[in-house]
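Accompanying notes for the structure given below.
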Amino acid sequence: MLKPSLPFTSLLFLQLPLLGVGLNTTILTPNGNEDTTADFFLTTMPTDSLSVSTLPLPEVQCFVFNVEYMNCTWNSSSEPQPTNLTLHYWYKNSDNDKVQKCSHYLFSEEITSGCQLQKKEIHLYQTFVVQLQDPREPRRQATQMLKLQNLVIPWAPENLTLHKLSESQLELNWNNRFLNHCLEHLVQYRTDWDHSWTEQSVDYRHKFSLPSVDGQKRYTFRVRSRFNPLCGSAQHWSEWSHPIHWGSNTSKENPFLFALEAVVISVGSMGLIISLLCVYFWLERTMPRIPTLKNLEDLVTEYHGNFSAWSGVSKGLAESLQPDYSERLCLVSEIPPKGGALGEGPGASPCNQHSPYWAPPCYTLKPET
């Protein structure tokens, strides 16, 4: 036997939510009263209001800096449109469970992106509750619970000093602006020969010893700290301290620099040799050949004493060097005995006179042609 079908009005009532139309709904307010939120209507709800109200709010990240102040920030650019989100906070199950509004907002491009809490508002060992809310959509909110002792970031260590304990041992000391027993430290050091750092963990003591050092090397040290493990379980380290150096400034050269210098010297030497060879061949082509004593006699014999033939001097230059006069030989003899005549005869030439000195040659000009 067939069951009677549902009335048409019942089917329509069941399909109304699927068609996106509203019904008369009520919700309970915190004081227990009923609050009517919508009346029965047969129109479609705006899709943009649905999408905005269902979008998740950005996550809030809080960090306590050296227990002096705390910043809670969020990514304001993740919103579909610029929105000044508001932040409320309180401490769970404590005397400070009263809801507080943020009194000091941080801004990014004139949009709220964080909140800063001062030292008096920070209670490390109480559960911190933070609530982010969209003021345009009060029901759009997100709540997080945080343990602040795990979110502490100390300041970087300060006043690094080095002491030489012995001929080959160094001790590094530093200071922190927080209780030393709450911090652990990480020391890094390297020499000017090293390409990477060597790390060494140090407990709450603020000193580190290096048992063996090389006086010919230059050492660099730096330190950072973390709020762990006695007072909290923070995972974030502080910034690195300013580095401190020890050792000779004239240490051995870096192997890489030594290899680079060797290559530069080799290439420079080869370039110099090639340049000298080029200059030598150029001079050999442009300068006249100068014979050695061994083959000078052979050259004179081969070229019949013609210097210009084998020296490379041009014919025009050789002709211009020819003299334009002729020489007459002058005979010089020894001084005659006393009483002898100075001349051999009445027509004797001065060139034939006897003189204790060398007589210059006599010249006669060639007749002009």
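From the backbone N, Cα and C atoms, a Cβ is placed for every residue, glycine too.
Just so it is clear, the model here is predicted, and its values are computed rather than measured.
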From Asn84, Asn306, the one Swiss-Prot labels N-linked glycosylation site: Asn84
Record feature phosphothreonine (Swiss-Prot), assigned residue among Thr37, Thr47, Thr292, Thr301: Thr292
Range among 70-78, 88-96, 115-123, 286-294 that Swiss-Prot annotates as motif 'Box 1 motif': 286-294
Segment assigned the feature motif 'WSXWS motif' in Swiss-Prot (from 27-31, 132-136, 237-241, 322-326): 237-241
From Cys182, Cys278, partner that Swiss-Prot gives for the disulfide involving Cys231: Cys182
Three-state composition of the domain 'Fibronectin type-III' (156-253), taking helix and strand from DSSP: 3 helix, 48 strand, 47 coil
Cα separation, Asn84 (N-linked glycosylation site) to Asn159 (N-linked glycosylation site) (Å, whole number): 42
Asn84 (N-linked glycosylation site) and Asn75 (N-linked glycosylation site), distance between Cα atoms, whole Å: 11
Segment confidence, the domain 'Fibronectin type-III' (156-253), expressed as mean pLDDT: 90
